[in-house]
Amino acid sequence: MLLSRLAHVSREVAATSARSRKIALLAELFRDADADDVPIVIPYLAGRLPQGRLGIGWKLLGRPVTPASEPSLTVRDVDARLTAVGAVTGTGSQAGRGRLMGELMAAATDVEQAFLRGLLTGEVRQGALDAVAVEGLAEATGAPPADVRRAVMLAGSLQTVARALLAEGPGALDGFRLTVGRPVLPMLAHTAGSVAEAVGKLGACAVEEKLDGIRVQLHRDGDHVRIYTRTLDDITDRLPELTAAALELKGDRFILDGEVIALDGNGRPRSFQEIAGRVGSRVDVAAAAASVPVSPVFFDALSVDGRDLLDLPFTERHAELARLVPEPLRVRRALVSGPDDGAAAETFLADTLARGHEGVVVKALDAPYSAGRRGASWLKVKPVHTLDLVVLAAEWGHGRRTGKLSNLHLGARAADGSFAMLGKTFKGMTDAMLTWQTERLTELAVEENGSVVTVRPELVVEIAYDGLQKSTRYPAGVTLRFARVVRYREDKTPAEADTVETLLAAHPEVTR
Ligand SMILES: Nc1ncnc2c1ncn2[C@@H]1O[C@H](COP(=O)(O)OP(=O)(O)OP(=O)(O)O)[C@@H](O)[C@H]1O
C-alpha cells in the first residue's frame, strides 16, 4: 500500500466527526491492504510507531525538504527506512540519521511529509481509533463486529487479528480462543470517590484489598507455567517463586489473575519500588529473590480445565478460584449485600488501610470478566487521589537542577484523542528520577523553545494532587492543585492515561 493512501485516509478520518464515515473510510482502506501491510498500517493510523522509540528528534525533522511531486513510497518502504534511521548509532550518527531522514522526506509528497512529521512528533496520535478500526475491519472482511471485538480482546492486539482476517477471511476468528499459554489483556478498574459511592453503584459486591504490587496473569498447563504482566510481557524466568506456587495448586490447567507483592518481616507490604525493581531485574534472579522474596495473591480465574470462564458471573469464577487456590494465596475480601450493608465495606477499607495497603477494589458479583477493558463493574477506592498523566513537555531546571529537565507539563487524554494540559509540576522527584527523566525526555524531544522542551507524548507519570481548581489558562478549564510526582508508570501506554472527562466527573464540586 502506498503511504499516500494512508496519509489521505488518516487526514479524512481526523477531519470527520461522524463515526459511521470513519468506519467506512477505514473499511475501504483495509479492503485495499495486504495482510503484510497491517502491522504498519494500524499503528500508523493510531499515530504509533511499530518500532516503539526511534529517537528521531526535532533537529532531524526541522529542515524543510522539497516534497516529491508524485507518490512512490509504500508503507513497507517507510517502515524499513525508519528502522534503518533508528539503527544508526555511534559517532557521527546524528549526521547519518539526518541524511537518511532527508532522503525519506525528499521521496515524500507534501501530504506524506505532513503525515510523517505528525507521526514522528506524536501529533497524529488518535487515541480513540482502535475501536473504530475494529468496526472498519469487520465491515471490510464481512466478519460480525462482536466476534472481531472478542478476538481482539483475546489476542490482545488488533494487528494480529487484522492480519489473520485479511489473509484468511472470517474463519480466522476461530483461532482466537482463550487458550492456556496465550495471555489476554487484564480487566481494569474505574475509580470511585468513596466506598459508599461504589457500593451504591454496584449493589451486591465483593470488597477486596487493593494490593500495590505488579499485576500478573499465571498460566499453567501440566508442568508448564508462564507468567505475564499486564502489558503481556513474559516474566516467568524472573519470578521463580510464582512458578513454584503455581505447581503447588490443585488443578493442572488454568489461567489465574492476581498481583505479585512482597511482605516485610512484620507481614506489611514492601514498597511498590522494591517490587518493581525485583520484577524488572533479569540479571541475578537468585540474589534478587533472596533480598526481596515475592508471593502471588490471586483474585480471579479466567480458565479452568479448558473451560473459558470469562462470561460467567464473578461469584462463579471466584468459586472456581477458591477450589484451586488456598485462602492465604487469595486476596482478602468482604462480601457486602448492598448499600444497607455499607458499614461492613467501610470497616473493611479501614482495616485494609491499617494493614498498609493502598485501598480497595469493589467488584459486582454478577459481572463477567471484561478482558482489556476498564469495566464499570470494578471500582477502585483509594484515599489518596492520583492520576496517570502524560508528559507533554519539560523545562530545564535552575540552581541544583541545572542541566536536568525538571518542571513537567502534564496532560490528560481529551475526547478527540489529543492531550489537554492540566498543569505543571517539579515536585516529588528524586535525584535518580531527575536523571532518568532527563535522559528519556531528551530522546523524546521534538522541539526546544527557550527553556521548554516539547516531547512525544509517550511517558506516563502517576501524579498525586490535592484537588482541582478552575483556570482559564488551561484548555480543559481546570488545573491541578499541588500536583506532585509519585512515580513513572512504564507499564502504561498513553492510551491508558486518565481522561479529562473522568477527572471532571470525579470533581463535581469544581465543574458545578
Ligand atoms: N483485588 C484486586 N483486584 C483487582 N486489581 C487489583 C487488586 N489488587 C490490586 N490490584 C491492582 O489494581 C489495578 C486496578 O486498578 P487500575 O485498573 O486502575 O490500574 P492502575 O491504574 O494500575 O491502578 P493504580 O494506578 O491505581 O494502581 C490492577 O491492574 C491490579 O494491578
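Every residue gets a Cβ built from N, Cα and C, even glycine.
These come from Swiss-Prot:
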BINDING   GLU208, ARG215, ARG230, GLU259, PHE299, ARG374, LYS380  ATP binding site
ACT_SITE  LYS210  active site, N6-AMP-lysine intermediate
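Feature map: annotations from Swiss-Prot on the structure.
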{"residue": "GLU208", "record": "ATP binding site", "DSSP class": "strand"}
{"residue": "ARG215", "record": "ATP binding site", "DSSP class": "strand"}
{"residue": "ARG230", "record": "ATP binding site", "DSSP class": "coil"}
{"residue": "GLU259", "record": "ATP binding site", "DSSP class": "strand"}
{"residue": "PHE299", "record": "ATP binding site", "DSSP class": "strand"}
{"residue": "ARG374", "record": "ATP binding site", "DSSP class": "strand"}
{"residue": "LYS380", "record": "ATP binding site", "DSSP class": "strand"}
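In this structure, the C-alpha atom of GLU259 (ATP binding site) lies 9 angstrom from that of LYS210 (active site, N6-AMP-lysine intermediate). When the binding-site residues GLU208, GLU259 are compared by the number of other CB atoms within 10 angstroms of each CB, GLU259 has the fewest. Around ARG230 (ATP binding site), a 10 Å sphere centred on its CB holds 18 further CB atoms from the protein chains shown. Taking CA atoms as the reference points, ARG374 (ATP binding site) and LYS210 (active site, N6-AMP-lysine intermediate) are 16 Å apart. Neighbour counts of Cβ atoms within 10 Å were taken for the recorded positions LYS210, ARG374, LYS380; the minimum is at ARG374. Of all the binding-site residues listed here (ARG215, PHE299), it is ARG215 whose C-beta has the fewest other C-beta atoms within 10 angstroms.
The CA atom of ARG230 (ATP binding site) is located 16 Å away from the CA atom of the residue listed as 'active site, N6-AMP-lysine intermediate'. The two recorded residues, LYS210 (active site, N6-AMP-lysine intermediate) and PHE299 (ATP binding site), show a Cα separation of 10 Å.
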